[in-house]
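Per Swiss-Prot, the features are:
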SIGNAL    1-19  signal peptide
CARBOHYD  Asn60  N-linked glycosylation site
DISULFID  Cys68-Cys97  disulfide bond
CARBOHYD  Asn226  N-linked glycosylation site
DISULFID  Cys634-Cys668  disulfide bond
DOMAIN    701-735  domain 'Anaphylatoxin-like'
DISULFID  Cys701-Cys727  disulfide bond
DISULFID  Cys702-Cys734  disulfide bond
DISULFID  Cys715-Cys735  disulfide bond
CARBOHYD  Asn861  N-linked glycosylation site
CARBOHYD  Asn1325  N-linked glycosylation site
CARBOHYD  Asn1388  N-linked glycosylation site
MOD_RES   Tyr1414  sulfotyrosine
MOD_RES   Tyr1418  sulfotyrosine
MOD_RES   Tyr1420  sulfotyrosine
DISULFID  Cys1469-Cys1533  disulfide bond
DISULFID  Cys1581-Cys1586  disulfide bond
DOMAIN    1593-1740  domain 'NTR'
DISULFID  Cys1593-Cys1671  disulfide bond
DISULFID  Cys1616-Cys1740  disulfide bond
DISULFID  Cys1716-Cys1725  disulfide bond
Amino acid sequence: MRLLWGLLWAFGLFASSLQKPRLLLFSPSVVNLGVPLSVGVQLQDARQGEVVTGFVFLRNPSHNNDRCSPKKAFTLTSQQDFVHLSLQVPQSDAKSCGLFGLRRSPEVQLVAQSPWLRDVLAKETDTQGVNLLFASRRGHFFVQTDQPVYNPGQRVQYRVFALDQKMRPSKDSLLVTVENSRGLRVRKKEVRDPSSIFQDSFLIPDISEPGTWRISAQFSDSLEANSSTKFEVKKYVLPNFEVKITPRKPYILVTSNHLGEIQVDIEARYIYGKPVQGVAYVRFGLLDEDGTKNFLRGLETQLKLKDGKSHVSLSRVELEGALQKLRLSVPDLQGLRLYTSAAVIESPGGEIEEAELTSWHFVPSAFSLDLSNTKRHLVPGAPFLLQALVREASGPPAPDVPVKVSVTLSGSVPKVPEIVQNTDRMGQVNMAINIPWGTTRLQLLVSAGSLYPAVARLEVRAPPSGSSGFLSIERPDPRAPRVQETVTLNLRSVGLSRATFPYYYYMVLSRGEIVSVGRERRQELTSVSVFVDHHLAPAFYFVAFYYHKGQPVANSLRVDVEAGACEGKLELRLDGTKDYRNGDSAKLQLLTDSEALVALGAVDTALYAVGSRTHKPLDMAKVFEVMNSYNLGCGPGGGDSAPQVFRAVGLAFSDGDLWTPVRETLSCPKEEKARKKRSVDFQKAVSEKLGQFASPEAKRCCQDGLTRLPMVRSCEQRAARVLQPACREPFLSCCQFAESLRKKSRAESPGGLGRAMEVLQEEELLEEDMILVRSFFPENWLWRVLRVDRSETLTVWLPDSMTTWEIHGVSLSQSKGLCVATPARLRVFREFHLHVRLPASIRRFEQLELRPVLYNYLEENLTMSVHIAPVEGLCLAGGGGLAQQVHVPAGSARPVPFFVVPTAATAVSLKVVARGTTLVGDAVSKVLQIEKEGAIHQEELVYELNPLDHRARTLEIPGNSDPNMIPEGESSSFVRVTASNPLETLGSEGALSPGGIASHLRLPTGCGEQTMTLLAPTLAASRYLDRTEQWSKLPPETKDRAVDLIQKGYMRIQEYRKSDGSYAAWLSRESSTWLTAFVLKVLSLAQDQVGGSPEKLQETASWLLGMQQADGSFHDPCPVIHRDMQGGLVGSDETVALTAFVVIALQHGLNAFQDQSAEALKQRVKASILKADSYLGGKASAGLLGAHAAAITAYALTLTKAPQDLQDVAHNNLMVMAQEIGDNRYWGSVTTSQSNVVSPTLAPLSPTDPMPQAPALWIETTAYGLLHLLLREGKAELADQVANWLMHQASFHGGFRSTQDTVMAMDALSAYWIASHTTENKELNVTLSAMGRRGFKSHILQLDSRQVQGLEEELQFSLSSKISVKVGGNSKGTLKVLRTYHVLDMTNTTCQDLRIEVTVMGYVEYTRQANADYEEDYEYDEFLAGDDPGAPLRPVMPLQLFEGRRNRRRREAPKVAEEQEPRVQYTVCIWREGKMRLSGMAIADITLLSGFSALSADLEKLTSLSDRYVSHFETQGPHVLLYFDSVPTSRECVGFGAMQEVAVGLVQPASAVVYDYYSPERRCSVFYGAPEKSKLLSTLCSGDVCQCAEGKCPRQRRALERGLQDEDRYRMKFACYHPRVEYGFQVRVLREDSRAAFRLFETKIIQVLHFTKDAKAAADQTRNFLVRDSCRLHLEPGREYLIMGLDGITSDLKGDPQYLLDSKSWIEEMPSERLCRSTRQRAACAQLNDFIQEYSTLGCQV
């Protein structure tokens, strides 16, 4: 008995201990910086009347338990035993308690402190806590861009909306960053905007690779809170119409014995909504999970569109036949996708657009099942809710689908009846399954659909059984609630025979915080109502618990809220649903429910057709997604134990005995899903060949070998160009394999079109399709923010595009937060309109055919009158205004041809007008750019102005009369006078001009090294202006422009960065030591301006250390510049110069090592510098360095503070080589060196002579010398002399010769000007006098250094005028002359060493020759007829379009018969002769023939394949720039195709030039012309258009054509009255020559009748006469002519005048003696002789 009583006493004591009072502490498991922390404190099992008081706060257990927040008091009683507190987390407290210093375990402790814990519960301390994860994230950000996709080179406009945790506007400062497609940060900006809407823009570099860019925003003090938006960058042009491919069923059902129907609809509509009439070409293929595409042969089809629509069906037999060719069967299709491509050709304009369908899956079932919302824990004895979501195989919810559930239970009832229920409209089904008591496991087999159902299995287990029972949460209405609705939840305890707890306690959690807490008295069925407001959207957790016998029992449930509207209101309304016309105004009404800022933007919906489907505009779905990202819960709810339940919903919990472990990460653990990867083994020759190579690199090399070039090369020749040996073998093997396939294909083909078609199908397997479309007006507009108080009506004027605009609106309100409106669509359309296409440019007197297309979408036929409005400078039919009558049937389109001949070199506005009999009509105005004949030529002269030297106070600048100058061409001498003030070179006209110094170099900026010219000179200028505080002397916007230029340069250079921190001239190349060092040096100086990452610069420095050799020198595996010719007493100094260059970069790079964590790497860098200094010192001591190597070595040793003896040796060596003449000191070539390629430059013979312009290498060398002197001696006499020479080497626009010399000269001069800065006033007075058209004219310039303006002046003079200059004042200055004019012919002596040759061939002739060289005579374009690119062609077969689009820049379909666009083949050959070497890269700049554009696909092949022929290419208007690494001694030729976009006749020769990039004075320039006997050289015009074009042409008079009818003395009237000639000669024609767009006739004077300027004219002298090629005048060599006219402005090589023959010239053939002896002509001959005698003797008697 005693034992029994003892056991009963012990049990009672144990039970009483279980029922002891407890303090429960609840909190979100994550603490966010600056965001109030919601805390729940509950008093459990307290005695009646008990009161507990205390505080809650946060502390850092890793930092002496320092408090991280203020204390928050609480009071608990037995009646009010659950309180909800808000605990502030200020940034200042978090910082002071050391939270920011936590790195490995960012944990913080939530503590409840109360004496009750110690006094009543007898704990050792008065505290109880739980550990939380600390995160610095807070708030919400939404980033919006003005477009979803951009072209490289376009400007991106974006907005950032900043909101706090409550979705209200935040005014805290933001950090906005931009990442490029390779994940590199290219822009960082810290901003603060009181409106909470930050707006900015930036320019995407034009050399950017295609890919996805990202704009991210975060609070400056909470860097973990990061929200971003993505946008796509790709080369595109907007489509004119959109093609859609819509399958009848979004999936294809396939099983072992079944294949579902394959039916697809093709629809084509213009962007403004109207259907397209034309033809569709459709083809099919298979896609595996990796996206590998394999076409299904034989399924291609051609369809005619009716009302813009067509339909395609594939039968099982057709598909099986195509699969057999791939050795596949129908069951093999599961897991693959059916690729469908459609190309639609519009009938009226022949334009082509395409679409692809890549999401058409072969599936075993029509549906998919998602059971993720179903709990994984059951409550025995309570209903279990199965929540399933059924989707169609293509993704959307599937309504009204039967769902069958088979249930297997453990325990006494193993199986329950099958349950069947149909899905609701959202594709959801909710089934309550009654679970008997005692069930421990539930197995569910769920199937959706009756035929070929989707099946899913789920096993659910009960939590471990206990004496405290289970808590069941049941939803009577399981559907998702909406905002403003109430959710009812029933609570029930299960498994308790006798429940003793009085209350259920519950919490509602949403977005990572406890929204509310409460309790409900326990009943048989306890109901809790939760009102759903905006704070609970888009989902919330309901958590309930009770304590029984001291044990917590809990359960939870996630409730998804149906996504609806925003908390506030924003509605966009347009005035009606009517269509608008371009240029109309529209009224846009903005409706809100409170005062708000509304951000607007309108985007062309055509962009959605161009961009990826993943880049969508901001909408409320994205807003809810961001809001839900703060939700800390994982899964649908429930758990094995109370702590697990709390942890699963994102709660931290402690009751003193139990607690939840600290959360590890912010995100939920991801479920691992088994993914079956399926690939298709296609037994095709090409696939087999590719399959022979395992590595991706070898496969790429093989793919390149399979690709055919746009020029003739054998496989062996191609393989020899592949640099990597590992790539060379697969490349050669695959190239030879492809050639054998082509030969085999030719042998098996019957010939003609079929043969070409087969080749096309084989070739298209070798590369991905390039889809390019044509441009059509603006892409976005209406980018503005305005304040709206409930209603605002905005009148907007619509752009000229005919398209559908989508207007987006986002509002931000202080009371309602952010709201994204449903976009408003606005269609801009004209039922009748016309479309005009113009070439990029055309030359004067070329003939242009315009073909405006008239579109009629009315229901009636139209007769339209179409004309081109008269405009000066254009020859038009009837002088302009002469109309053509065109019949345009309803619903059709018609082209109308017009012929135009430009006669003036200018930009003219060409207006095409179409009028109908009713109010129907349209007009389009576009600018036609007309250029002069020949090529532009520029030359510069630089004079030093020194009023302190009496010899230099007056000087004369001679005029220029180049014999090569084009007659009637504009020619001028521009004169710029500057004082000796740095602001001229560095200011708003120099390095800080809108385009920077780089824009003045007249050089391209395509490679990595060239890109630095956007950055380095601007940094030098900014550094000078910051140091001398002179920004105020420049225009106010100059500082902003400098920041913009620096940001652009930084973004651009990041495109060349590799993952290891190194840089390459091209991303496809190996990294360059020299370029990497150059970037490190510049970016180290630009850290503050660009916001670059120091860690990235440290990576760059680390890479450079790996390039150092054992002796301390550096080597370059892929040099950008070859400096082995730069001079030196013996041999090459390249290694020395490179080592010094890297040392300089590393020294500057030490600025990036401020962080203590990088100290070890910093010491390695310093050790590397010391080692390199030792190497450089040894080379300097040997005394064998050339000037360039000596200068850079001296500067490097001085900069790094090397041992003084090494510095002295280097200094002395350098000064020995200096050349000093007058006040100038510089370093050029060393005359004793054998490796110099430039002869010494002499100083001017006298102070009034122009300064000779030195080559780029001399300027760079002298710049290093100046930097060395400034570091060693400061501003002294030597530095003054060097700087004086350097300043006078700058070009007219402020730059120097090339990139390196410009960068270094600007760097050196800015350092000099900082050292020599003075506030002393300087004056320079200059008087310039010259003879002008209206007599002698003088200009007086007074330049004062204290004036903001007036630092420089620019004047224009006639090219031939002599300019007298007088100088006064107390300051030196510079006078620069820029002469510019157009030339007939390229005469350049450098062509003796450097050569370029350009030939243009008709594409058919080229194809024949190419095929002959390939030993095959086919090509898919072989069916072209004749050699003339303008000749009629045979009809185009459908599949040729798919290959053809790769070769066309524009998406223009081939036309039939006379409408076929001509295509030509360009061949560009370069080589060098003699021993001349280049410093490195050479650039060929080819100006295309008028109307042509290069085929980008051809140019891409030259640069992107393994056998690379060109490093890079650029297209700029009519120019194609090709970058070559070097110029060989033998001819190196590359080829590409070009397509004529607009018909042009009488095409004039165009120019081409090749030059050494680093020494541009080494160049060769040539003209080239169109193919002989080509239509390009024929006349297009007719009638009065031709007469107008020839209006300026001379008329040739036949011998004695008027006979005796000379009573009016018409010869004498022409000579003396109108036009009154200035010369008269009787000449004999010696020869005829072609000069650019002119013909030159060399003649011998027989008799001088009259002269004005030509005082030296005499018998037997020669004179040249020029006439335009477009004129029909023809003078026969050997015959004599009487020629009279006006004096010319040009001279020949001997200085004698040459004359232009035009409409004011008299040309009469002299009669032969035989003709004059005839009786009929004897008198007429006498009259002619009398005129010659009288005019030569007496002249004009008036």
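Backbone N, Cα and C define each Cβ position, glycine as well.
Shown here: features listed in Swiss-Prot, placed on the structure.
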| residue | record | contacts (Cβ under 8 Å, 6+ apart) |
| --- | --- | --- |
| Cys701 | disulfide bond | Phe693, Val722, Cys727, Arg728, Pro730, Phe731, Cys734, Ser1506 |
| Cys702 | disulfide bond | Lys689, Leu690, Gln692, Phe693, Pro730, Phe731, Ser733, Cys734 |
| Cys715 | disulfide bond | Gly705, Leu732, Cys735, Gln736, Glu739 |
| Asn861 | N-linked glycosylation site | His887, Val888, Pro889, Ala890 |
| Asn1325 | N-linked glycosylation site | Pro947, Ile1340, Leu1341, Gln1342, Leu1343, Val1367, Gly1368, Gly1369 |
| Cys1469 | disulfide bond | Arg1395, Ile1396, Glu1397, Val1398, Thr1399, Arg1531, Glu1532, Cys1533 |
| Cys1716 | disulfide bond | Arg1722, Cys1725 |
| Cys1740 | disulfide bond | Met1612, Ala1615, Cys1616, Arg1620 |
**Prompt:** Are any of Asn60, Cys634, Cys668, Cys1671 (the recorded positions) within 10 Å of Cys68 (disulfide bond) when you go C-alpha to C-alpha, and if so which?
**Reply:** Asn60
**Asked** Relative to the Cα of Cys634 (disulfide bond), which of the recorded positions Asn60, Cys97, Cys1593, Cys1671 has the closest Cα?
**Response** Asn60
**Request:** Sort Cys702 (disulfide bond) into helix, strand or coil using the DSSP assignment.
**Result:** helix
**Message:** Spatially, and counting Cα to Cα, which of the recorded positions is closest to Cys668 (disulfide bond)? Options: Asn60, Cys97, Cys1593, Cys1671.
**Reply:** Asn60
**Prompt:** How big is the Cα-to-Cα gap, in Å, between Cys97 (disulfide bond) and Cys1671 (disulfide bond)?
**Reply:** 90
**Request:** Measure from the CA atom of Asn60 (N-linked glycosylation site) to the CA atom of Cys1671 (disulfide bond) and give the result in Å, rounded to a whole number.
**Result:** 92
**Request:** For each of the disulfide-bonded residues (Cys1533, Cys1671), count the other CB atoms lying within 10 A of its CB, then report the residue with the highest count.
**Result:** Cys1671
**Message:** Cα-Cα, whole number of Å: Asn60 (N-linked glycosylation site) versus Cys1593 (disulfide bond)?
**Reply:** 93
**Asked** Least buried of the disulfide-bonded residues Cys68, Cys97, Cys1593, going by other Cβ atoms within 10 Å?
**Response** Cys1593
**Message:** Which one is it: of the disulfide-bonded residues Cys668, Cys734, Cys1616, Cys1725, which Cβ has the fewest other Cβ atoms within 10 Å in this structure?
**Reply:** Cys668
**Request:** Reduce the DSSP letter at Cys634 (disulfide bond) to three states and note it down.
**Result:** coil
**Request:** Give the residue from the disulfide-bonded residues Cys634, Cys727, Cys735 that has the most other Cβ atoms within 10 Å of its Cβ, counting over every protein chain displayed.
**Result:** Cys735
**Prompt:** With DSSP helix as H/G/I and strand as E/B, how many residues of the domain 'NTR' (1593-1740) fall in helix, strand and coil?
**Reply:** 28 helix, 52 strand, 68 coil
**Request:** Check Cys727 (disulfide bond) against DSSP and tell me helix, strand or coil, would you?
**Result:** helix
**Request:** State the count of C-beta atoms found within 10 angstroms of the C-beta of Asn60 (N-linked glycosylation site), not counting that atom itself.
**Result:** 21
**Fill in**
The correct three-state DSSP answer for Cys68 (disulfide bond) is coil
